[in-house]
Amino acid sequence: MDIDKRKRELVKEFSPALENYSLKTKIWIGCLVAIILVGFYAFLVQLINGHIVTGMRDNVVWGIYIINFIFFVGISYSGAFISGILHFFKTPWKNSVSRIVELITVLSLIIGPIFILLCIGRLDRLHYLFLYPRIQSPITWDIIAIMTDLVGCFIYLYLTFIPDFAILRDNKELKVAKWQKKAYRILALNYQDTTEQRERLHKITRTMSVMIIVLAIVAYTVLAWIFSLTLQPGWNSTIFAPYFIIAGLYSGVGVIIISMYAIRKYFHLERYIRKVHFIAAGIVLLVMSLLFGYFTFSEYFARWFSHKENDVHLLDTLFNRYFWEFIFANYIGVLVPIVILFFKKFRTIKSITFAAIIAVLGLWLNRFLIVVPTLETPYLPIQDTRAEFVNYSATWVEYSLSLTGIAAFCLLFTLLIKFVPIIPMSGIIDYERDQKKYNKRQPKKAVK
Amino acid sequence: MTRCIMKNNKNEKSSTDRRKFLKLGLLSSVTAVAGTSLISNLTSEETSTSKEKIRLLTPDGKMVEVDAENVNKYPEAHITPSESRKGIPDRKFVMVIDLAKCKNARKCVEGCQKAHDLDYNEEFMKVQLIQDNPEASPYWLPKPCFHCDEPPCVTVCPTGATFKRDDNIVLVDNDRCIGCKFCVTSCPYSARQFNWGHKDKFKDTSQPYSPETSVPAAEGTVMKCDFCPDMLRQGKLPHCAQSCPMGVIYFGDKNEDIVTNGDETVRFSELIKDRGGYRHLEHLGTKPNVYYLPAVNRQFPLERGFNVDEDIIERYKDVPYVQQLKKDGKI
Amino acid sequence: MKSNLMKHTFYASFIAILLFSNLGFAQQEEQKEEFDVRKYKTVYKFNSFKQSDNSRLLEVSFIVQNKKDRKDKIPVFEAEIYFYNVLNDEELLLGTAFTSKEGIAKLTLPSSQNYELDEDGFINLTARFIGSKGLKSAKKSLAVKDLHLELNLKEIDSVKTVIVKAYTLTLDSLQTKVPLEEADITIFVKGMLSNMPIKEGSIEDGVFEFEFPTNIPGDGDGDVTVIANIEDHDEFGNVAQEKFINWGSHKITPVKKVKNTLWSESAPLWMYIVLSILLLGVWANYIYTIFNLFKIKKEGKSINLATEE
Ligand code: SF4
Ligand code: SF4
Ligand code: SF4
């Protein structure tokens, strides 16, 4: 059968990535594990000595943990959003990126909440959240939203994996460990790719994709509310929810572009992840950067124009102590990607990736500027407080744990793409099948 | 809670004090024996803790220092965390702070610190130097927790560890607090503190924890001014109001319409009406229960307030007025 | 034991002398450490309070004060104070009390207590601390006359009126009332933390009368406790009388049910509803998806079986 043959071909093409760990991979994994071990040590230090080892103090009670939390969760939600759209609208070029997006979604949704745990003073009492819940608290909403979203994303990711597991299960030539084969067999759920099964799977994947989009919006809105429902001058803003969603998408697209670049380089997937994909993603990034710039401008402009005393105070801090951070986050981080992506001739794979990196870094700093300076300029000026409690500067523990978050993300990503092909094989087959149906009269184009 | 507001049981109380004292072995019927046991106790006492001491004179003319705790406690009034959620019936507590009389003597801060076993650098009551506008003359503003009627800190707490009682008081139950710090970021008055690291005093088991006393504090949880309900239950003023030598802090029950600073007892409503009492940052809609009387007809020049330790003055270094004073070489 | 104590002092003074002669700077430190009761003078006060139930409270405040640094005060703790009723040279022990950590000893004598009166009708009272090796004895006496204070709260022509009457009784067996000629008096309303003065005035010919203010809220039920107090009178000491009446201007209706708000224990109803609907919708979809997955599995199984057969 034609399809079976094609399946075998595809497995053969992707099997090297699944079958062996090259030296490079091993070194890479080793480095990541080392970073994680240091982070684990840092965590122990924090656990034993208490939060005194962080740079957080009575005024700035939330530091880069919370920033990482918003950042990772933002990436996740934007991933869910994008992947939902790709699936729902059957975007033609979705195959090359959809799995990358889905993996990013789930992994960052696992890493993000870990940071909020690091920020909690009494981890031993975490279950109190369920023992004595108060549903008025935005934190409760956030916990419910994150958990629901996590489950949803897992289900969704799994749905997209099933056909590939089936293909891998059915392939006898694949040289992988026994447990891995067994795992494929169990996880493939007797999926035989019959029309009936396929249609059922497509149907539920489609509803889940809508669900995921909705959840992403709801959950990130709730996250934005943690800030905007308080009275703090820099946070109490009605546009925070959409602003956060745009910001999340901005960083999410950025991270997707960066991973596309890395994966393309690493697995030599130039045939699948092509310049068109980068340009398409680049254009999405351009739109997002415009929107993000617009929201950022609206937010700060309104504060500057109406110049309420506390807002002025906040802006003073931003423009003095955090001058360079502010310039990088809200000027360079927005304008450089816009300039690169706006002109056609600048749009090369490398430059688009560069723009993405700038965007992601700028966005992280933007989050920093939302959290820390606001806490440093409360309604009542900080006085009668020991000097070391006034300003925030992160300690090695916090930096190390932040790096650990990134390392854990990369490690899990690496391990997962050792387990399933980074390009969904079933997607390619589906795509080819559809092409055949619709293009009977037209000459067959190269498919991907 | 009838047992709480104690009437005329002074005799009873002094007998419990006596019992406590006896338990310590500080006193027995034969004075000579008492003398030696005092000495031995003193030395062992000193090595073990560096707690707050009070000085007493024994009948045979020896001065002893004993842990304030050992004579200060009222075990019969211990209120458990769940009892403390109810509040004292039919009361609505308010505080009135007379800014015209404040000279940053910081006795309220210290009194509160002593009573709540706080370190030198931990204050439930902070004294701020506020200048409303460039023309206005600055004034000292003692700032406890405002025990808001619509407290944002309570709204955001995910576990109900901080709660609002019927008697106006907002308390923190540090047995329940998970340390998410959301309440700290939500309080617009920066009234909350967090316990960042371990401290020996957290292990103090000499008295059971009660949200009404906030002692002992616990690592990884928040704390703040509690309006001293343990004192109120005994019919006494909060520590800060008691310790202020100027009588700046009035405290009382709004239902009764009576507030007192210890020397003077007045109608709350009249005080607010006659002296133009106001609440700080009213526009935030938190409805505080701490009122201020404006700093008009001051009793002390502002500069008296700089009559404090160097490191305390340093804490005001960002205030423009202080910077000006420093430039002029006045402090 | 005693000798042991002596030894201590001996060694201490020996060392002190050594240090004094050798090191100038150590001297200061030493001085700080050393507590010398002789540097302190005794402040010993004695007062009598006649309370509303006609009992009499005798109170001694016993502290020592540094002769140089007047702020340096130390209460005397657990000193036994003897209270006597004195007539001529005869001392009748009324009771004893120990000083508290504030240095205060209190003795309450019931209203039924019989006192020995002198010919002018004064009760002579003495409070004595016997003294010890370290602390000198102390003694204070006072003489008070027994004053009767009557507090009447009446609505006269629907005007709430406070009437205070004060009188003494003659010593003879008739016990006729002799109105008090003149004394300053203060009327208070009892508060939770302290009593609020509402009127100051003086009793003339045994009576003091005034209108009770209409806007005193009183306690939860509208009850007010009115206190009449004569303070520190030369002849009568402190005399107080109190009474409670339902004259409060406003009564608080107790809040039975707490409204559900953002800051109360339970949330507004709509929050529960919205949250439940949202969660139900999402989880129903999850369950539907998982249910379909099982179906796929089952279908696959039947195909497997079919192919095997
Ligand atoms: S002042 Fe702050 S901590 Fe106190 S009740 Fe109000 S919001 Fe809460
Ligand atoms: S830190 Fe404690 S009291 Fe504050 S919101 Fe969190 S759980 Fe509640
Ligand atoms: S009311 Fe009590 S807890 Fe609050 S500042 Fe005064 S002494 Fe401290």
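Even glycines carry a Cβ here, placed using N, Cα and C.
Note: TrEMBL annotation is automatic and uncurated.
Per TrEMBL, transmembrane segment is recorded for A:27-48, A:60-88, A:100-123, A:143-168, A:208-228, A:240-264, A:276-297, A:322-343, A:352-372, A:406-431.
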Subject >> Top partner of the transmembrane segment (A:208-228) among A:100-123, A:143-168, A:240-264, A:322-343, A:406-431 - counted as Cβ pairs under 8 Å >> reply: A:143-168
**OP:** Report, as numbers and ranges, every residue of the chain located at least six residues beyond the transmembrane segment (A:276-297) whose Cβ falls under 8 Å of a Cβ in that stretch; write 'none' if there are none.
**Re:** 82, 93, 96-97, 239, 242-243, 246-247, 249-250, 253-254, 256-257, 260-261, 330, 334-335, 337-338, 341-342, 347, 349, 352-353, 355-356, 359, 363, 366
Subject >> Criterion met for the transmembrane segment (A:240-264) and the transmembrane segment (A:27-48) (at least three Cβ pairs under 8 Å) >> reply: no
Subject >> Surrounding residues of the transmembrane segment (A:143-168) on its own chain - C-beta under 8 Å, 6+ positions past either end >> reply: 7, 10-11, 18, 73, 76-77, 80, 83, 87, 98-99, 102-103, 105-106, 109-110, 112-113, 129, 174, 184, 187-189, 191-193, 198, 201, 204-205, 208-209, 211-212, 215-216, 218-219, 222-223, 420-421, 424-426
Original post:
Who are the long-range neighbours of the transmembrane segment (A:352-372) in its own chain, taking Cβ under 8 Å and residues 6 or more past its ends?
Top reply: 60, 62-64, 66-67, 70-71, 227, 234-235, 247, 250-251, 253-255, 257-258, 261, 278-279, 281-282, 285, 289, 292, 296, 318, 322, 325-326, 328-330, 332-334, 336-337, 340-341, 392
Original post:
Sequence-remote contacts (6 or more beyond its ends) of the transmembrane segment (A:27-48), Cβ cut-off under 8 Å?
Top reply: 21, 54, 118, 123, 396-397, 400-401, 403-405, 407-408, 410-411, 414-415
